[in-house]
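Student: Submitted below is the structure of interest, expressed as structure tokens.
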Amino acid sequence: MEHHSLSLLNDIALSIIFATFFSHIARVTKQPLILGYVAGGLLLGPNLGLGLVVNEESIELISEIGLILLLFIIGLEIDLKELARMGKSMFILGVTQFVFCVLFGLLFFKGILAGFTGKFDLLYFAIALAISSTMIVVKLLHDKFEVSTIAGRLTIGVLVLQDIWAIIFMGVQPNLQNPQIIKIAGSLGIGLVLICVAFLISRFFLSRLFQAAASKPELILITSIAWCFLLCGLAERAGLSKEMGALIAGVSIAAFPYGADVIAKLSGIRDFFITLFFVALGMKIPIPSIQIISVSLIAVAFVIFSRVITVATPVYFSGKGLRAGIVTGLNLAQISEFSLVILALGMGYGHISKELESTILTSMILASVVSTYIILFNDPISRFILRILGMIGLKEKEKEEDQTESHITGQPKRDIVILGYFRIAQGLLEKIEREKPEWLHRILIVDFNPVYRQFLEAKGIRWAYGDLANPETLHHLGIEDARYVICTISDMILKGTTSRRLLESLKGICHRIQPSIILTTDDVQEAEVLVKSGAAHVIVPGRISGMSLFKEMNTIVDHSDKGRVKTEPASLSLETKKKKPIRKKVVSKSKVRVK
């Protein structure tokens, strides 16, 4: 037992070291980090590597935990309300893209995969090629600041619907060996029952449990993980996969305001396990034959052309423009990590051959490299395609490309973000409600106390649960488009962070818009430091209170003095002495002024 534990620890250490080394190479060469993880596994593995890992089964067991956490987080990011808001045209696009990509794949590769021995190789290959990589696409679109464009929104919408298709297929997978309609319908029915039960429990029990635990962020995290593994166990008992249970667990609590915070806190744990998952995949890659390499190259070309055709066509006919459709198709020209999940499950069920596993892995690596450059240069590539299409009579109509969030989602844009809902924030909102009520629908409040949630949402203010000490939470809440970020909590009350660290985090998250950041501190010298570091304005509550108190006191004393006899000492009047006013430092955007 001790030898086994030491061997496992050694294998994990080697996996992390090699993955780290090759991921840095991937970073320097501007490739997806996943390729670095796979390359690390490839070098460690017995087929093309040094054969250093001797306990591959244990690595796979740990990587399975990472897979479960990955799918749980994917579930957390699937907002059913957002899906409903996407509308009919978005739904048609999602159906058209997936269904026709699968059909084209089945027809195109039927002869090419004739030499593969797996019973369901063709079906798995067609489905794997129909799903795009959320991880790669979202990262590159964020880097290019294209998430809010028409093509960016369409791309994200298709990715979400592709995840739904993958979930449906995962529900069918266990019964593919004996594909009877009754059994497949039974699997889907069990999945629906599990979803309904999960939503009922989350609605009437978990919501109250989360609310009770909201003051302790670590309790929110551990409760979420417990819920995830509970549904994994229930799904396995019901004849579904554990991964399916993890997805359902995530979706069932995605509507809660705690989702972004859970994602942020789980990200580090997930990344560790996911690294081992991709390293384990790399270890499995056999020595590629000429057939595997040639099929993989054909698959990459197929992915690019099929995406453009199946996406650009419905987008064009929906009136959103030919260029937007072409750019969306180019953005989606890669193979998803979800395909690797389906692949791993298919190997476990005995549905596919080793040759297909190697082919899909090779195809994914090649497509990831090619797609990185396609997304980076999607504008000139799309214009080149438009010129060719223009020769045959298909011309682009002029479209407005930079629509705001409110045009696309039907929701008001939340460009005023208030971090923490405490005394100053409460007073600020009272003033806004009286004098600028139209601002209420622009405000997002991030706080960990849900007591005021219903009160604020009734006024049209959006409330989100978040731990201000965790930058990932703020990132997942989507504050990068905010024009004004206000934190009315000083370091004395902030837990786990400081105004300086918060300022640096906000500057990193909102680097594109560069919003006006307003912070709070109890120390005048600290206020000067924050202004020099980039804060637009810094509130010093003690100074403001003193100034306000002086005005009130001045009014009271002045009024009292007028009722006194002139012969009385005038020393009580602060005005009659004509003393120099108290020096007060008022912090502004450009500098600290002394009045």
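In case you wondered, yes, glycine gets a Cβ from its N, Cα and C as well.
Predicted, not measured: the structure shown is a model, and the values here were computed from it.
Annotated compositional bias 'Basic residues' per TrEMBL: 577-595, in sequence order. Among the features that TrEMBL reports, domain 'RCK N-terminal' is placed at 413-540. TrEMBL lists 561-595 with the feature region 'Disordered'. The transmembrane segment annotation in TrEMBL covers 33-55, 61-78, 90-116, 122-142, 154-172, 184-206, 218-238, 244-264, 271-287, 293-317, 329-352, 358-377 (among others).
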Student: At a C-beta cut-off of under 8 Å, are there same-chain residues at least 6 beyond the transmembrane segment (61-78) that contact it? List them, or none.
Tutor: 12, 134, 160, 163-164, 228-229, 232, 242-243, 246-254, 259, 262-263, 266-267, 269-270, 272-280, 337-338, 341, 344
Student: Do the transmembrane segment (184-206) and the transmembrane segment (122-142) share at least 3 Cβ pairs closer than 8 Å, excluding pairs fewer than 6 residues apart in sequence?
Tutor: no
Student: Would you confirm whether the transmembrane segment (271-287) and the transmembrane segment (33-55) meet the contact rule of 3 or more C-beta pairs below 8 angstroms, pairs 6 or more apart in sequence?
Tutor: yes
Student: In the predicted model, what is the mean pLDDT computed over the domain 'RCK N-terminal' (413-540)?
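Tutor: Average per-residue pLDDT within the domain 'RCK N-terminal' (413-540): 85.
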Student: Count the residues of the domain 'RCK N-terminal' (413-540) that DSSP assigns to helix (H, G, I), to strand (E, B) and to coil, and report the three numbers in that order.
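Tutor: Reading the DSSP string over the domain 'RCK N-terminal' (413-540) gives 57 helix, 25 strand, 46 coil.
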Student: Return the stretch with the most CB pairs under 8 A relative to the transmembrane segment (90-116), choosing among 122-142, 293-317, 358-377.
Tutor: 293-317
Student: Hey, which bits of the same chain come close to the transmembrane segment (358-377), Cβ under 8 Å, at least six residues off its ends?
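Tutor: Contacts with the transmembrane segment (358-377): 30-32, 34-35, 38, 116, 124-125, 128-129, 133, 136-137, 140-141, 144, 281, 284-286, 288, 292-293, 295-297, 299-300, 303-304, 330-331, 333-335, 339-340, 343.
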Student: How about long-range neighbours of the transmembrane segment (293-317): same chain, 6 or more residues beyond its ends, C-beta under 8 Å?
Tutor: 89, 92-93, 96-97, 100-101, 104-105, 108-109, 112-113, 125, 129-130, 132, 154, 158, 324-326, 328-330, 332-335, 359, 362-363, 366-367, 370, 374, 385
